[in-house]
Amino acid sequence: MGDTWAQLPWPGPPHPAMLLISLLLAAGLMHSDAGTSCPVLCTCRNQVVDCSSQRLFSVPPDLPMDTRNLSLAHNRITAVPPGYLTCYMELQVLDLHNNSLMELPRGLFLHAKRLAHLDLSYNNFSHVPADMFQEAHGLVHIDLSHNPWLRRVHPQAFQGLMQLRDLDLSYGGLAFLSLEALEGLPGLVTLQIGGNPWVCGCTMEPLLKWLRNRIQRCTADSQLAECRGPPEVEGAPLFSLTEESFKACHLTLTLDDYLFIAFVGFVVSIASVATNFLLGITANCCHRWSKASEEEEI
């Protein structure tokens, strides 16, 4: 028996082709275990998931866990469920443009620490709340352009986005933008605000002054930003306004003005006293005349 085992040939080293196939199968199994099944109607390749232009009414479930670039553009998506991005911590690019979104759930980006590019253009957002980008500290680019119903941006909407470089708010319905919304963005390089119905009243002056100091490196579409009101500046380029344009917002009174106001107040007071005095005399005379008439009748 021992001689028989001694005479059996030992297998040689594995063939390179077989080794390669084994490695590929193992990698495939690992890839499958990581959750890389591609959703229906989507294409998945090199950590890019493309579900664009598929007439989707809702976001696809169960994306590959290692997704870095997700495109859901050109669909009919009306909502993103809370926690949708919880498992996709490698996500860097999220494209949701040209859908029917009106809002995003609170805390959507809580686990998307690597998210850098977010496209929300061509949707139906009416406002940007304070917690819309909560915990999305890695954002570099935000596109909110072409949201025609966008009327309000909360002063703290972009709070904590220290890495933000590009912000597009063009072609919306903004008439006013708080300076506070932009002051906390030290890295901002490109700001697009053209195509909005800006009301260039006194409340616009702080923002305009801030933008004018940064216009060379911050505002990309300064020629497209125009005033829709008040009537005296309607149609004027926003950045053509000067300090003289807001002169009425800073009226200062001279000593002569104060003296004139005091004089007018004094005259009004005297006139009021005199009027009350005359009314009192008239009432007293009427009372006496009425009493005298009653005595004559008796």
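Counting starts with 1 at the first residue shown.
Quick reminder: no glycine exception, Cβ is built from N, Cα and C everywhere.
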CYS200, CYS285, CYS286 - which one Swiss-Prot pairs with CYS227 by disulfide: CYS200
Cβ-Cβ under 8 Å with the repeat 'LRR 2' (90-111): same-chain residues at least 6 beyond its ends: 47, 52, 65-84, 117-126, 129, 131-136, 143
Length of the line joining the Cα atoms of CYS51 (disulfide bond) and CYS227 (disulfide bond), in Å: 39
Largest tally of Cβ atoms lying within 10 Å of a Cβ, found at which of the disulfide-bonded residues CYS42, CYS51: CYS51
Chain residues outside the repeat 'LRR 3' (114-135) and at least six past its termini with a C-beta under 8 angstroms from it: 73, 85, 89-104, 106-107, 141-161, 163, 168
